[in-house]
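Let me begin by presenting the structure, written as structure tokens, before commenting on it.
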Amino acid sequence: MTTNAVPVTATAEPRLRTARRVKDYAIAYSFIAPWLLGFLCFTIGPMIVSFLLSFTQYSVTSAPKWIGLRNYVDIFTVDPQFWIALGVTLKFVIISVPLKLAFSLAVAMLLHGNYRGVGVYRTIFYVPSLIGGSVAVAEMWRQLFGLNGAVNNILQFLFGVPGDNWIANPNTALWTLILLVIWQFGSPMLIFLAGLRQIPKELYEAAAVDGANGVVRFFRITVPMLTPIIFFNLVMQLIHGFTTFTQSYLITSGGPLNRTLFYALYLYQHAFQFFDMGYACALAWILLAIVGTATALVFKSSSAWVYYESERGA
Amino acid sequence: MWRHASRAAFHAVMWVISAFMLYPILWTLASSLKPESEIFTHAASLIPSHIDWSNYTKGWIGFGDVGFARFFANSFFITFMVLIGTLLSSPWVAYGFSRLRFPLRNTLFVCLMVSMMLPAQVTVIPQYILFRHLGWVNTYYPLIVPAYLGGSAFFVFLIMQFIRTIPRELDEAAKIDGCGPYRIYTQVIFPLCAPVLVTVAIFAFYWTWDDFFGPLIYLNNTHLYTVSIGLSLFSSADVGTNWGPMFAMSVLSLLPVLIVFLFFQRYIVEGVTMGSLKA
């Protein structure tokens, strides 16, 4: 914390010192000014406006009309699509985030061994993360899992079974999107790998001397030492999962039968297709509350399972 | 013997995963070179019966009077402007946060961190209304201007992590030589930040190049479209099923990303891991 207090020592030049401090602060603020301006105009300002608009009916072309809690009441009571979108998104997050993290940790463990070619594999595994968010990949996924796509062709060849239109089938559509997310396990994998490298070798050596086998070492050393990184990846993937948009917009358009109607997509439809901005703002604040609660729960629980080295001996 | 077996098992597993990772990408490349008739008849095949470049020439023509030459030029222009803005403002702000003292510093730093985790959905609607009032819809300003105002909070944070590793003695030495903060920034800190700035530039490039949501809501004039939006036009109903050209243009759109990855891999790995480990 910076000290704002005027120095109490009554020296000859307190005024000079104050002037100098003001000048220093002005210089400091000139450095953070661009960000501060952006933060006020593009983050805080919009948040306040968004909150106010969530109590109005507003279609951009006409002036906002104050309707109190109507949007919120409608969302929770008479909007079945909201519950569908919420359910789809929760299902997506609950399935894809743990799978992606477990898979990326498993692969990172394998790559951590002293084998040749690790660098090449690491590169190959990271490429999908690099391009995963692009339109090109979304289009590619749609064709791969389409009725005449490569996936069915391979299934036909290997097992002789006729395929399905995985994208258009309500029972499988969401799973194709989950698969797409897991396909991009590269960046959590890189983070896990870097974390594994930071675990002191002596810990493993000491455990081996004590006769601990691989499984014990994994659960007693690797996992505890990695918990800060698991925590970081978990928070990042959670937020990412809750706000997924491009994939459902481009690959499935929310269909079939709303089975992939992601929350972010539903919000987009209200805002930019129906131009029901007030309603969309209310949806946005509910999303913020959900993401905030989920993140807060993870943070709260972290003291029970995240191990920080600096705590040692405390 | 046991060592050999385990090594073989390791490589076998890695090969299987690699196949799953690369197949979709190679399949897109192969499909872009297949004659239209072959794309879905021999769908799984990675080898075209003969190389057919016509998908590329057909796709390049684009839609109506706007071709992919235009989309690529637009995307490159936006990306370039965002890069300049990010490189000017992100390290500038990061220096202020990591080296200078000022009132409300901690509060503002918390704001910076929180804004990194804030879902974009919460701010996008008022931002849209704001830009609409400014007459910025159907211009590139909404996509470019934010980069000049600190850029992404993530970049500021990343550079701050890097500045923390620069010894303060260098600042002190420059100060004794009579340098003020501005000169310390331009002559000491900024040049030393070069490695992290490469990382930041690469990520700024990727995120801008791949951005779909921004152009989707702010641009509705075909002449202004970016490559992302151009690609998505292939699957809209009125164009019909033009899969070959779509694959061809998809490959072209991924090319800059993959080329940059090839040359700057080290910086990307650093960027991905730096934000998480030293936090």
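Glycine residues also receive a Cβ, built from the backbone N, Cα and C atoms like all the rest.
Just so you know, TrEMBL annotations are computer predictions that nobody has curated.
Note that the structure is predicted; figures quoted are calculated from it, not measured.
Lifted from TrEMBL, the feature list:
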type	residues	note
DOMAIN	B:72-264	domain 'ABC transmembrane type-1'
TRANSMEM	B:12-30	transmembrane segment
TRANSMEM	B:71-95	transmembrane segment
TRANSMEM	B:107-131	transmembrane segment
TRANSMEM	B:143-163	transmembrane segment
TRANSMEM	B:184-209	transmembrane segment
TRANSMEM	B:243-264	transmembrane segment
- prompt: Where, among B:12-30, B:143-163, B:184-209, B:243-264, do we find the most CB pairs under 8 A to the transmembrane segment (B:71-95)?
  reply: B:143-163
- line: Same-chain residues at least 6 beyond the ends of the transmembrane segment (B:12-30) with a Cβ under 8 Å from one of its Cβ atoms are 44-48, 247, 250-251, 254
- request: State the non-local partners of the transmembrane segment (B:243-264) in its own chain: residues 6+ outside its ends, Cβ under 8 Å from one of its Cβ atoms.
  value: 25, 28-29, 31-32, 34-36, 39-40, 54-56, 58-60, 68, 72, 198, 202, 205-206, 209-210, 227-228, 230-231, 234-235
